[in-house]
Structure formats: C-alpha cells, structure tokens
Amino acid sequence: MVFRKPPDGGWGWVIVVVSFFTQFLCYGSPLAVGVLYLEWLDAFGEGKGKTAWVGSLANGIGLLASPVCSICVSSFGARPVAIFSGFMVAGGLMMSSFAPNIYFLYVSYGIVVGLGCGLLYTATVTITCQYFDKRRGLALGLISTGSSVGLFIYAALQRELIELYGLDGCLLIVGALSLNILACGSLMRPLESSSSPPPEKMCVDKVPDQYFVYHEKEKTVEENISILEKGYIDEKCVNNVPDCKQESILNKNVLSSINVNEKETYKKKVVEQTNFCKQLAKRKWQLYLTYWKETVVLFKNKVFSALFVAILLFDIGGFPPSLLMEDVARSANISEDDYYMPLISIIGIMTTVGKLVLGILADFKWVNTLYLYVTTLLMTGVALFAIPFAKSYLTLAMLSGILGFLTGNWSIFPYVTTKTVGIEKLTHAYGILMFFAGLGNSLGPPIVGWFYDWTQEYDTAFYFSGFCVLLGGFLLLLVALPCWNACTNQSSKLPPNTYSYKVASNA
C-alpha cells in the first residue's frame with residue numbers, strides 16, 4: 001500500500017483528537033484500577049498478590065501482545081481494528097460486573113480489556129504516524145496524554161460511581177462510556193494514495209519459468225488420466241449399451257489424438273502448483289530466518305541490550321505505585337477525611353505534565369535523550385525507596401506527583417529507541433522492548449502484593465522495587481558512558497543505522 005506524503009495537519013488534527021479520546025476512554029479504567037483493586041480485595045477476600053494480577057494483566061497483556069497487535073493493524077488497517085477493539089474493551093468491562101470470582105476477572109478484565117487496549121494503542125500510534133512527519137513528536141505527545149488524563153479523571157469517577165451504584169454498576173457505566181471508542185474509530189480515515197495502482201496478487205501464472213523445473217516423474221498423472229478415460233467410456237456404455245463398442249473405439253481414437261496434449265497440460269499445472277507452494281514456503285521460511293537474524297544483530301548492540309533490561313526492571317518496580325498507592329495509604333492508617341484528591345489522580349495528572357515536559361526537552365539538540373531517560377530511572381528508584389518513610393497524606397501525595405512526573409518518560413522512550421537502533425529498525429526493536437515492558441507490568445504488582453502477603457507491610461516490597469529500577473538505570477548508564485563506547489568500538493563495530501551516544505553538546 002502506497003501512502004501520500006504526511007500532511008502534518010488538516011485531517012491529521014482530527015486524528016490526533018480522536019486518538020486522544022480513544023486512549024482516554026480505553027486506558028482510563030485500567031490505569032485507575034487501583035480504586036477497583038480495593039473493592040475486589042473486600043469482595044473476594046483473596047490475597048493482595050493474587051488480586052493484583054487483574055490490574056497487572058490489564059496493563060501488561062497489550063504490551064506482551066504488541067507484535068500480534070502490529071500485525072493486525074498492518075493487515076486490516078487502523079479503523080477496523082479500533083472499532084473491533086472498542087467492542088472488546090466495552091464488553092470486557094461489562095462482563096467484569098458479573099464476575100463471580102477473581103479468576104473470572106483475569107479473563108474479562110485482565111485479558112479481554114488488556115488486549116483491546118493494546119490493539120487501540122497500536123492503531124492510534126500507527127494512524128498518527130501516517131499523518132505526521134515533521135510534527136510527529138508533538139502529535140504523539142498529545143495523544144499519549146489521553147491515557148494520563150483518563151487516569152486522572154477515572155480515578156475520581158470510579159470512586160464516585162462505586163459510592164452511588166456499587167462496584168457492579170460502576171463497571172457497567174464505565175463499559176457503556178467505552179462504546180464511544182466506536183465513534184472515534186470511525187473517524188480514523190486511512191491516508192492512502194488514490195492514484196496508486198492496486199498491488200499485484202501472486203498467482204500461479206506469474207511464477208517465473210525457472211520455478212517450473214521438475215525432475216521427478218509424476219506417476220499419479222498417468223493414473224489420473226487413465227481413470228478419466230475409463231470413467232468417460234463407462235458412462236457412455238451405461239447410457240447406450242448397443243453402441244458401446246463402437247463409441248469405445250471412437251473415444252479411444254479421439255483420446256489417443258489429444259492424450260499427449262492433455263498429459264502435458266496436466267503435468268504442467270501440477271508442476272506449477274507444486275513449485276509455487278514450495279517457493280512460497282521457502283520464502284516464508286527465509287522471512288522467519290531474516291527476522292531472527294535481525295533480532296540477533298539488535299542484541300549485539302550493547303546499548304539496546306541494556307535498554308531492554310532497564311525497561312523490564314523499570315516496569316517491575318515503577319508500575320506498582322499506580323496500582324497500589326491507594327492501598328498503601330490505607331495500610332498507613334491515613335483517614336479518608338485527609339484526602340483532598342485520590343493519589344492515583346495525582347499520579348495521572350503529573351504523568352501528563354511529565355510527558356509534555358520531557359517530550360519538549362527531548363526536542364532540544366543539546367539534550368542527550370539517553371542520559372535524560374537514565375536520569376528519570378535513577379530518580380524513580382530514589383522516590384520508591386522513600387515511600388516506606390511516608391506516613392502522611394501530604395508526603396504520599398508529593399511522592400505520587402514525583403513518580404507520576406517521572407513515569408512520563410514513556411514519551412521519550414521512542415526517541416531513545418530510534419537513536420539506539422536507527423529509524424529503519426525502529427518497528428522491530430520497539431516491538432521487542434514493548435514485549436519486555438508488558439512482562440514487567442504483568443509481574444510488578446503481583447510481586448509487590450506477594451511481598452505484602454509475606455511480610456504484612458509494604459516497606460520490603462518498595463525497597464525491592466527501588467532496587468530493580470536503580471539497577472536498570474545504573475546498568476544503562478554504565479553501557480552508555482563514553483569510555484565504555486570507546487572500548488567497545490575498538491573491538492567491534494555497531495550495527496548499521498545505530499547511533500553512538502557520546503557526551504557532547506550536540507549529542
């Protein structure tokens with residue numbers, strides 16, 4: 001499919017608006033699942049680790065399935081995928097209102113809603129990148145704030161709906177609101193070139209002649225032709241018995257005259273189809289091998305290898321606060337009268353600010369985006385270590401704001417990936433990194449919950465979380481240091497289209 005040049009405006013701004021509201025509607029409830037987490041703890045009486053799986057699956061399964069989501073969007077287009085995913089998110093939320101146990105929620109809320117969110121994220125990012133080139137960073141920054149604004153609003157909205165209509169009513173209403181995704185998806189008009197010719201379909205007639213070389217004897221061809229001859233003669237004999245012998249002789253004469261041509265035509269068709277299937281299978285196998293060869297080349301890049309470890313450890317340690325902060329406050333015996341705003345809402349609004357500020361900083365030439373990303377990791381680790389010492393709403397609110405702002409580093413992560421592997425390998429590398437990010441999202445909250453079930457306090461859990469994030473940050477910093485790059489560049493060259501990070505004013 002051939003696309004026109006990105007207009008960097010026009011209908012593209014409509015795409016930005018509907019993508020913003022799509023992420024707002026689909027990610028609002030999963031990111032603010034901490035409010036529902038408290039209700040599920042009371043309703044089902046399960047452990048914190050087991051209950052935390054619901055929210056972690058909802059936020060991680062979409063990233064784990066990012067390669068599948070990318071294939072779906074590439075095959076069917078952003079608009080059909082967005083409409084279908086809207087039904088998935090709305091249906092999953094409504095089904096969750098009838099959940100009899102926590103295991104039902106694993107499927108309805110964790111897998112169905114999570115997979116729908118992953119498909120919608122891929123669709124919105126893909127359609128936005130098609131419409132923008134020079135202003136792509138701004139456009140992606142604007143649509144990414146939709147999920148953060150959704151977190152801010154849905155945290156308060158779900159709490160209010162639970163008080164008015166209960167947990168089941170809250171999920172039904174939130175699911176009904178998600179149906180607005182269908183209207184947003186219908187406006188995602190693909191950017192296609194109307195003058196471009198349709199792609200040629202592969203068929204047997206267009207297979208090159210060299211594929212028709214076939215050195216084996218086809219015994220089944222002779223057998224099939226003899227069966228056809230016998231069937232033709234038998235049919236005539238049954239219909240007209242007296243003339244059977246005469247027609248049999250005539251038929252043999254006719255068949256003998258065209259027998260050679262039919263055999264050659266039949267052989268040619270069989271050979272063409274056989275070789276076409278062989279070449280198609282060979283081509284698919286070559287693509288499969290090429291994919292794994294490119295993956296191996298990516299991991300030979302020291303910075304990329306450190307980056308995937310850092311993103312995995314960051315999501316294991318940095319994601320749990322957005323899910324468990326409300327329970328942390330309840331475990332600290334903070335009175336609800338002291339609440340001026342839900343802690344999850346603070347995380348949400350500060351994440352929006354962080355995405356915008358960090359995204360703007362990444363556009364400056366004098367800012368090294370890798371070192372900026374490492375700085376956010378190290379500061380996140382320090383903030384996680386400080387959570388056990390926060391015993392009041394004010395200190396927890398300040399730490400929530402800091403963690404929310406630093407979580408906005410998601411907006412610069414594509415910049416870091418592009419500078420590390422090059423624009424040509426961005427899709428491949430980003431899919432791998434998002435898989436590990438989803439793995440971290442899925443494992444982080446349950447691990448913290450299990451620590452609480454084991455120790456009956458959150459201190460050890462957040463020490464572990466802070467250690468994971470700091471370890472990833474220091475590892476990435478060590479690999480990105482100029483002295484390390486100088487040593488590695490002497491022994492081996494970086495893969496093509498790879499950016500070597502150096503401490504310079506115009507890095």
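For all residues, glycine too, the Cβ spot is worked out from N, Cα and C.
The transmembrane segment feature in TrEMBL is assigned to 12-40, 52-73, 80-98, 104-125, 137-157, 169-188, 303-319, 339-358, 370-390, 396-417, 429-452, 464-484. Residues annotated as domain 'Major facilitator superfamily (MFS) profile' in TrEMBL: 15-484.
Only residues 6 or more beyond the boundaries of the transmembrane segment (80-98), in the same chain, are considered here, and those with a CB under 8 A from a CB of the stretch are 22, 25-26, 29, 72-73, 104-105, 108-109, 111-113, 115-117, 119-120, 122-124, 167-172, 174-176, 178-179, 181-182, 184-186, 188.
The list of residues near the transmembrane segment (169-188) in space but at least 6 beyond its ends in sequence, with Cβ under 8 angstroms from a Cβ of it, reads 14-15, 18-19, 21-22, 25-26, 28-29, 36, 78-79, 81-83, 85-87, 89-94, 96-97, 120, 123, 127, 154, 157-158, 161-162. Within its own chain, the transmembrane segment (12-40) is flanked in space by residues 6, 46, 51-52, 54-55, 58-59, 82, 85-86, 89, 93, 102, 105, 113-114, 116-117, 120-121, 123-125, 127-128, 131-132, 139, 142-151, 153-155, 157-159, 162, 167, 170-171, 174, 177-178, 180-181, 184-185, 187-189, 322-327, 330, 342, 344-345, 348, which lie at least six positions past its ends and keep a Cβ under 8 Å from the stretch. Highest Cβ pair count under 8 Å relative to the transmembrane segment (396-417), across stretches 137-157, 303-319, 370-390, 429-452: 370-390. The average pLDDT the prediction assigns to the domain 'Major facilitator superfamily (MFS) profile' (15-484) is 79. For the transmembrane segment (370-390), the residues of the chain that approach it from at least six positions outside its boundaries are 303, 310, 314, 317-318, 321, 328, 332, 358, 361-362, 396, 398-399, 402-403, 406-407, 409, 412-413, 416, 419-420, 458-459, 462-463, 465-470, 472-474, 476-477, 480, 501, 503, judged by C-beta separation under 8 angstroms. Just going by CB pairs under 8 A, the stretch in 137-157, 303-319, 429-452 that sits most against the transmembrane segment (464-484) is 303-319. Sequence-distant contacts of the transmembrane segment (303-319) (same chain, six or more residues past either end, CB-CB distance under 8 Å): 56, 59-60, 370, 377, 380-381, 384, 403, 406-407, 413, 416-417, 420-421, 429, 432-433, 436-441, 443-445, 447, 464-469, 471-473, 475-476, 478-480, 501.
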